[in-house]
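Comments concern the structure below.
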Amino acid sequence: MNTYNYLIDELHILDDEIISYGKDKFKIELSLQERLKDKAPGKLILVTSINPTSSGEGKTTLSIGLAQGFKKNGKDVMLALREPSMGPVFGMKGGATGGGVSILEPSLDIDLHFNGDIHALTSANNLLSAIIDNHMYFGNELNIKDVYWQRALDVNDRSLREVKTKARDDKFTITAASEMMAILALARDFKDLKERLNNILIGTDKDGKDLFVSDLKCADSLALLLKDAIKPNLVFAKEMVPALVHAGPFANIAHGCNSVIATNTALKLADYVITEAGFGADLGMEKFLHIKQPHLYTKASVVVVVATIKALKLHGGVTESNLDEPNIEALSKGLENIEKHLENIKLFGLNSVVALNKFDTDSEEELQFLKNWARINHLNYGISEGYSKGGEGTKDLAKLVEKVAYEPSKFKRIYSNEENHEYKIRKIAENIYGAKDVIFSQQAKKKLNQYKHLEIPICIAKTPLSLSGDPKLKGRPRDFVLEISDIKVSLGANLLVVLTKGINTMPGLNNRPRALDFKLDDKGELI
């Protein structure tokens, strides 16, 4: 019996519930959820962050490190994480499998093609586009006039934001921000997946009537392409921590959470499940709590807020090129950003732990300053050194998170789905972001009226780099106005997607993309 078979046996996964993709990557059959339906779920730990630097806060690294700390303390723990998109891997941010000792393996495989889920999603997405265009070409029996559905690709390519063909104008979105990705992430089972695919709003006819995938009668073909992609992927982090890595919607331009199926499966397999929501608490956490959590077996027991001294200094006015230099004044000023995120967690009635992701460049003076700040403000505060030490560097943080997870809390939503859409948008903008007002374009107002009958959650697409809609406004912006440029409805995902000014769902590469830095030897190995 090899190491992985032994680890899978330890998880009490049966032989007919596991599918091998090589020696170190696996998928889990959906039948496992049915077998364990009567088992009580574990504790759910949600990891979020402050508004990050352009390179991120190390949320995935800390999540993995925290799980390693739980295991080091003898606890039964599992990770439930998003799978990476190739766009950022070759763009600015890089991979999304952690780093240092706190990393998923095989990291490069996971960062690229993994088990083929994103390829399957892209294929299903573009098959639907082809079916729509083909229907219009051969007679257009449905009288399709306006097509809402967009093509998708898992590459950052700004040239595809607007595409003109002989038949019609079209657009591409990155697969991670597509409705197809959101559907996979939110589906509870295969039956639910098919229902959601049928509910996709593809456009309207010449009389303005809504048209759906069900009208084209092609949902089963789309589901066929996704029949394996819906099964959660199992891999292991260093120190043999199990991780279900499945679905990867971005948090700035989508809802930013891994799949419901993976998280629910983890909750049945482990006593403690650590999951993350993309970017800061203003984006991923809010969407997790309003959009994903209602489909889970349990609610989050505690929220871990990841911060770095670098990001706090950035919010205190330091430029990114000078973040390695000690600066207590900027650090002190930047604390207003994390303080707002902690206030937001309280708005939801949840308890929090501040987790500092420690870097070698952090000075002792800065570390002591933060420790004193946390003590004075009676905060749960710990340090993660998972990157360099793995579980040994996070075991104290893990003990703190475990303790807080058992403290009483009473979750409450910021809005209910039944409320007016404009009211829901304002509640998020004013309460979570701190906006003084929200203004809507004429196009957005038209869409609000068009979809006023829908009782669905809100998914706001905005910059992750600021609490506001302007990435240049650092710290805790006040007296700003959030501008809404457009609104889209994703009825398969059951979301009202709200686009703030300047947001694109197809990113572009930066001026020096990471794609220029990869080097391989003659055997195809990374140098």
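Cβ coordinates are placed from backbone N, Cα and C, and glycine is handled just like the others.
The annotation ATP binding site is assigned in Swiss-Prot to Thr53, Ser54, Ser55, Gly56, Glu57, Gly58, Lys59, Thr60 on the grounds of sequence analysis. Under the DSSP three-state reduction, Thr60 (ATP binding site) is assigned to helix. In sequence order, Leu81, Ala96, Thr97, Gly98, Glu276 constitute the residues six or more apart from Thr60 (ATP binding site) in its chain with CB-CB distances below 8 Å.
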Worksheet entry | Residues near Ser55 (ATP binding site) in space but at least six apart in sequence (CB under 8 A) | Met92, Lys93, Gly94
Fill in: Fewest other C-beta atoms within 10 angstroms, as judged across Gly56, Gly58, which are the binding-site residues
Gly56
Discussion item. Going by a 10 angstroms cut-off between Cβ atoms, which of the binding-site residues Thr53, Ser54 has the sparsest surroundings?
Written reply: Ser54
Worksheet item: What other residues of this chain sit with their CB within 8 A of the center of the CB atoms of Thr53, Ser54, Ser55, Gly56, Glu57, Gly58, Lys59, Thr60, the recorded ATP site?
Response: Ser49, Pro52, Lys93, Thr308, Ala311
